[in-house]
Amino acid sequence: MIELLFLLLPIAAAYGWYMGRRSAKKDQDDISNKLSRDYVTGVNFLLSNQTDKAVDLFLDMLQKQEIENEIESHSQFEAELTLGNLFRSRGEVDRALRIHQALDLSPNYTFEQKLLAKQQLARDFMVVGFFDRAENLYILLVDEPEFAENALQQLLVIYQKTKEWKKAVNIAEKLAKIKPQENNIELAQCYCEYSQSLEPESAVEKRSVLQKALSVSPTCVRASLLLANLAMLDGQYQQAVKILENVLEQNPDYTGEILLPLKHCYEELNQLDNFELFLIRAGQIINNDEVELALAKLIEEKDGKSAAQAKLYQQLTKKPSTLIFHRFMQYQIDDAEDGRGKESLILLHKMVGERIKQTSPYRCTNCGYQIHKLLWNCPSCRQWESIKPVSNQEHN
């Protein structure tokens, strides 16, 4: 609604000029009062969240002013531009396109006004998915200082939607030069996407691109995971271990994502004891159920189920956890004798498991979107690097 209120500022200006002309030309207080009431009514509709009614009323006011041809040139441009925007806001993009195209082609307006028309015309094309036409307009606007940043942002949106990652990287680099703190995360993610779009045999270029991602965003866990994967494909397991273990310092929230590949590397190196040492160190730094479960599994493989069960029991007494309790119960079931007691354990284990399934393991920290797998771009709010594993506290 706030955006729509700003959108209506030109209407207010045109309306004020129009009312002044009407009052100066003739004594028509009844008409003036009618329009004044309409404007106030429209604002009230907005404030009461009746957006559709407000848009209808403001459209009617603008169209009446246009029909009577009593708006000065500058105000008429703003009014028509806004009229097109209002049509777009209510889904009538074809009418918005006609209005904005007419403004762009009209010989009656200045170069700066036509740039505004081009900007809104590009937005119309974006809404209907004509990305090639929007792209052409935004490329023109990039050369105009007042429009450049917005045009670059929209071009980046287009290239991300069309998955043209080399172009996306080029635009993201320009945005990062303008505002590094706001754009470096997105630039790093564009580097990651571009690296994944390259052919498998382009390993050298992939590494170079991923190193760029880490240079602009040192906490980019995705780049580290991709670099580790490249190292593993080349059989460079010690290098992969170094990269993966660094994630604990990079962003400990993602420690659970490295456990399987890290264990695989240590298995290939025949160094599972070092994997155990890493898990112990990680458990001292962060409270992460996956770390504790991985450690219990390792203890089971080395020393048997009883030792693993004792480890989980110790953990439960310190920090109760649904996930750890669920695994602990499985050990209890394995040891229990047949009978009602075991049946009760199986039922309880199943109920706890169903509760765990209902909890999404990942959540967007920006909009709250929940999902069952890790994505680097939120499908809901389109924010990069905002989806993270749900914490132990949220799980429990």
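Each Cβ is built from the backbone N, Cα and C atoms, and glycine gets one as well.
Sequence annotations record features per position, and here Swiss-Prot assigns Fe cation binding site to C364, C367, C378, C381 based on sequence analysis. Under the heading repeat 'TPR 1', Swiss-Prot lists 35-68. Residues or ranges marked as repeat 'TPR 2' by Swiss-Prot: 77-109. Residues or ranges marked as repeat 'TPR 3' in Swiss-Prot (evidence: sequence analysis): 149-182. Sequence annotations record features per position, and here Swiss-Prot assigns repeat 'TPR 4' to 221-254 based on sequence analysis. Under the heading topological domain 'Cytoplasmic', Swiss-Prot lists 21-396. The annotation transmembrane segment is assigned in Swiss-Prot to 1-20.
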Confidence summary (mean pLDDT) of the repeat 'TPR 2' (77-109): 88
Residue with minimal Cβ packing [other Cβ atoms within 10 Å] among the binding-site residues C378, C381: C381
Assigned element (helix, strand, coil) containing C364 (Fe cation binding site), judged by DSSP: strand
The repeat 'TPR 3' (149-182) - residue tally per DSSP class, helix then strand then coil: 30 helix, 0 strand, 4 coil
Number of helical, extended and coil residues in the repeat 'TPR 2' (77-109), per DSSP: 26 helix, 0 strand, 7 coil
Residues close to Fe cation site centre defined by C364, C367, C378, C381, Cβ within 8 Å: T365, N366, G368, Y369, P379, S380, R382, Q383, S386, I387
DSSP-derived helix, strand and coil totals, residue by residue, for the repeat 'TPR 4' (221-254): 30 helix, 0 strand, 4 coil
